[in-house]
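Going by Swiss-Prot, these are the annotated features:
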BINDING   ASN172, GLU238  Mn(2+) binding site
BINDING   ILE175, TYR176, ARG177, ARG189, TRP190, LEU191, ARG194, GLY195  prenylated FMN binding site
ACT_SITE  ASP287  active site, proton donor
Amino acid sequence: MKYKDLREFLTLLEGQGELVRIKQEIDPYLEMAEISDRTLRKGGPAILFEKPKGYRMPVLCNLFGTPKRVALGMGQEDTHALRELGKLLAFLKEPEPPKGFKELIGQLPQWKQVLNMPSKVLGKADCQQVVLSGDEVDLYKLPIMHCHEGDVAPLVTWGLTVTQGPYKKRQNLGIYRQQLIGKNKLIMRWLSHRGGALDFHEWKEANPDKPFPVSVAIGADPATILAAVTPIPDTLSEYAFAGLLRGQKTEVTKSISNDLEIPASAEIVLEGYIDPNETALEGPYGDHTGYYNEQEYFPVFTVTHITMRRDAIYHSTYTGRPPDEPAVLGEALNEVFIPILQKQFPEIVDFYLPPEGCSYRLAVVTIKKQYAGHAKRVMMGVWSFLRQFMYTKFVIVCDDDVNARDWKDVIWAITTRCDPIRDTTLIDHTPIDYLDFASPIAGLGSKMGIDATNKWPGETSREWGTPIKKDPNVVKLVDEIWDQLGL
């Protein structure tokens, strides 16, 4: 499935009953977030608020509020198909030369998809049908949502921030929340390890007194949006991966005020710069953890131009205690991670990030155990192999007879196969999410690995218990007579 832009995707969703238009007047202050939250928790549709109170621009929420819609946005029918995308990413992350002609032929579909990677630059784009500059720039005219009563100000949530470091040809797309503090001012909250922050850091070192160019696209096509949240290799651009998802080159255009490329079909684009010497106190905001975060200083994004499509749609979301939209995205993208991990660690059978673990703070891994100490090797691998898991606090490793996605199974394995002293690994002074106030120091905390596997010789001196298994012949017999038993 290919979607030229966000509007084509919305048409498809509406045709499948996956989008509802709200014609009543709804306030972006708290009301939209409350409606979106209730809808998401019952697995409901995407919502287009056609009459935001005090604004003329409609607001789109809950777009990726179910795993099915995430899969549809990636051009797939269901989340199971996302594993194929993971296999492609694993191939692109560490491509190996084919061992023979037969293997070369087998790799042709993957290399064919690679042809869609280069972007197509347009001279004229829909995202620039309306251009505002100078005094015309007024962010207060956008229906930016205020999601929680304790939030300090409205918050831009689904902006795709485009940046480029001074030494890189590749441009980075990242999603960072942005606090509204003035008609042309936003606070750019990006963590130090994220692509945009790394580009900015390099820029400050190379050009300490020059403004850092930034463009932010709101309401891009679904493939481009989802490419920005997918664990792609560092050498691959988000635009290139969006082309792979779409099966068609990503159309971009040059920003009006800088050289950054923006999605040509985006609904709204904010252009401007960050002064390396200007920061502001950000927050507090209710976050995906279910708590309000601490205040901290971050760079200020000054908006010099706003461009948009005619009759533009403002795309937004809210975050809060799981489940929320980031948790749903994490649940769906979980399928993408598995083949990437399996390429490096073939012994991994399944990998699961429970949504209630705030998308990434706890991981359950099942393996085909092969030797003593194997579980600890896998723990270390999860923490170090992909940057996405550097903030994962807890890794639980189980045998392949345990269902990683069934808490009853996992808890049974922990309570019967784990000794608290022998089978827990604690590591101090590791990178931790700044939003994790449970850590003793902001950005620095500990990790715990739990080995809930059966123990091998060398790991225990005791005779190990044998799991009870049912006789398959008896199970089959009872299955055949079950309906006759009246039970």
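Placed from the backbone N, Cα and C atoms, the Cβ positions cover glycine too.
Location within the structure of each feature annotated in Swiss-Prot.
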{"residue": "ASN172", "record": "Mn(2+) binding site", "DSSP class": "strand"}
{"residue": "ARG177", "record": "prenylated FMN binding site", "DSSP class": "coil"}
{"residue": "ARG189", "record": "prenylated FMN binding site", "DSSP class": "coil"}
{"residue": "ARG194", "record": "prenylated FMN binding site", "DSSP class": "coil"}
{"residue": "GLU238", "record": "Mn(2+) binding site", "DSSP class": "helix"}
{"residue": "ASP287", "record": "active site, proton donor", "DSSP class": "coil"}
In the chain carrying LEU191 (prenylated FMN binding site), residues 6 or more apart in sequence that have Cβ under 8 angstroms from it:
ALA197, ASP433, TYR434
When you measure from the Cβ of GLY195 (prenylated FMN binding site), which residues in the chain that are at least 6 apart have a Cβ under 8 Å away?
THR163, ASN172, LEU173, GLY174
Judged by the number of other CB atoms within 10 angstroms, which among GLU238, ASP287 is the least packed of the recorded positions?
ASP287
Nonlocal neighbours by CB distance (under 8 Å) for TYR176 (prenylated FMN binding site), same chain, sequence gap 6 or more:
GLY159, THR161, MET188, ARG189, TRP190, ARG194, GLY196
Whole-number Å value of the largest CA-CA distance among ILE175, TYR176, ARG177, ARG189, TRP190, LEU191, ARG194, GLY195, listed as prenylated FMN-binding:
14
Packing count at ASN172 (Mn(2+) binding site) (other Cβ atoms within 10 Å of its Cβ):
21
Rounded to a whole angstrom, what is the C-alpha distance between ARG177 (prenylated FMN binding site) and GLU238 (Mn(2+) binding site)?
18
Expressed to the nearest Å, what is the distance separating ASP287 (active site, proton donor) and ILE175 (prenylated FMN binding site) at their Cα atoms?
14
Inter-residue Cα distance where the pair is GLU238 (Mn(2+) binding site) and ILE175 (prenylated FMN binding site), in Å:
12
